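Chemist: Okay, handing you the structure first.
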Amino acid sequence: MGGRLLMGAMVIASVSLVNCSSFDGADGSPATALEQDASTGGPIVEGVAAPAGCDPTVEPKNSPKCVVNDYGVFVDGTTGNDSNAGTRESPVKTIGAALGKLGGKPRVYVCEGTYAEHVKLSSAVSLYGGFSCTGFAATEAKPKIAPANAGYALQIEKVAGAVVIADLAFESIAGTEASPSSITAFVSDSANVTFKRVSLTAHDGADGKPGAAGTKGTADKSLDGEGATGATEGKTRTCTCSSGGTSVGGAGGPPGSDGQNGGLNIPENPTGQPSPHNGHGGTGGAMCSYPGGIGLPGADAANATNASPTTSIGALDEGGWLPGSGVDGAAGSPGQGGGGGGGRSGAGGSGACGGCGGTAGKAGSGGGASAAIGARSSTVQLQDCSLVSGAAGNGGGGGAGGEATIGGAGGGSLTGCGGGDGGKGGSGGAGGGGAGGVSAGVLYSGAKPTLQNTTITPGTKGAKGVGGAAGVNDGPEGQSGDVIEVN
């Protein structure tokens, strides 16, 4: 897709600096446009006195008296050394080192070359490229900041004063599994940031991770009821499931006594009230071929609910872009235990435990974004810039819910009645699919950045992640566009 040129009026900066020496005052006398420093005669901007002959309202390459040691730190990625003072004659090697040597100076001057580093600004400082490494003479070459690992090439965070980024190129690597988005520059909670003739290039976002499928629930012991031996009844059977919850098979009745009811399925029936088919115990002394003698089977558990589909493609928070992930399904509940068998001349067998529920299917994560710049709660202007983003990542698929197990077999008895079988557990719910990723030149929340004479070439959107219950809880498709607003 070809780039599109976006043009518009620039937002007025928080401090207007006019490129004139004076205005007419109210009484007709000259009025100074900028406060002057008594020692240098230069204007004071952002609390720093400019050197004599330096006009800070003019581009540095057109105001060479600003490109001096008293007004900035110099960076040469080829011959510089970070132990140097950072002067024009003795530059440092990295931009990071220059930021540590400012000492109140408002600018960093970077000569041509490639810098494999992440740059982070947390105070009002401006970065200027457009200089040759031979004497820092003005040139059209743009230094390139391209870190070799994941993360922002440029981050500007919580800066109240004015920041200018000019004549530089920034490039971020493609998203990774650990850091799925490729966002070249990120500006957050900053009041006045201007990009001039800057190239911002992002690469592809990574695909979201698929959610794990649920597994068949297992119990800590055999689900089968305990058989009776002569006059000794089968004991109460309590089973704990790996997917959560317990199931209780009722004890068999002693000779001539009723068996006990199977336990309530607590997750399905938290009020403790009897449910239909409560695994009733057999009636003591009855012939086992008659109703009531054999313990009744426990009720099957209902299948767990599938996760609801997510609707969000993602959000910008103070740390950056959060892809829209799906939601986990719910774990299945255990089936109800069977009732104990009634006693006759001998004791009854105990009821079996209910089957365990399947574990929950896990959510798929959202696809990584690709954006030239992200802006959150900030005032940002872009003039004569080039913004390129890559393909966004696809959303990860949701996992299917785990299969349930059938209940155990009731305990037998040679001279009494057998216990009831346990009910089947409920299947686990399916996890939701993740959202497709976003590809944009500008991804923002809060104030919309202002663009003037800026070309944007977005990549393709990410495909939705298919839910563990396909068609029921799929994630949303991603988005692609020049400028995209998110919450």
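Cβ coordinates come from backbone N, Cα and C, glycine included.
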Chemist: Looking at 301-344, 389-432, I want to know which stretch TrEMBL calls region 'Disordered'.
Modeler: 301-344
Chemist: Mind checking which residues reach the compositional bias 'Low complexity' (301-312)? Cβ under 8 Å, same chain, six or more beyond either end.
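Modeler: 265, 267-268, 324-336, 354-355, 357-358, 360-361, 363, 398, 401, 404, 423-435, 467-469, 472-476, 487.
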Chemist: With DSSP as the reference, give the number of residues of the compositional bias 'Low complexity' (225-245) in helix, strand and coil.
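Modeler: Looking at the compositional bias 'Low complexity' (225-245) with DSSP, the answer is 0 helix, 7 strand, 14 coil.
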Chemist: Using DSSP, break the region 'Disordered' (301-344) down into helix, strand and coil residues and give each count.
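Modeler: Going by DSSP assignments, the region 'Disordered' (301-344) contains 0 helix, 8 strand, 36 coil.
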Chemist: Sequence-remote contacts (6 or more beyond its ends) of the region 'Disordered' (451-487), Cβ cut-off under 8 Å?
Modeler: 1-10, 204-205, 207-208, 210-211, 213, 306-316, 324, 326-327, 329, 361, 364-368, 370, 372, 381-401, 430-445
Chemist: Report, as numbers and ranges, every residue of the chain located at least six residues beyond the compositional bias 'Gly residues' (321-344) whose Cβ falls under 8 Å of a Cβ in that stretch; write 'none' if there are none.
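Modeler: Residues 180-181, 183, 208, 211, 214, 217, 225, 228, 233-234, 236-237, 239, 241, 243-265, 267-268, 275, 277-288, 292-310, 312-315, 350-369, 371, 374, 393, 395-396, 398-399, 401-402, 404, 406-408, 410-411, 413, 415-435, 437-438, 443, 465, 467-468, 473, 475-476 contact the compositional bias 'Gly residues' (321-344) from elsewhere in the chain.
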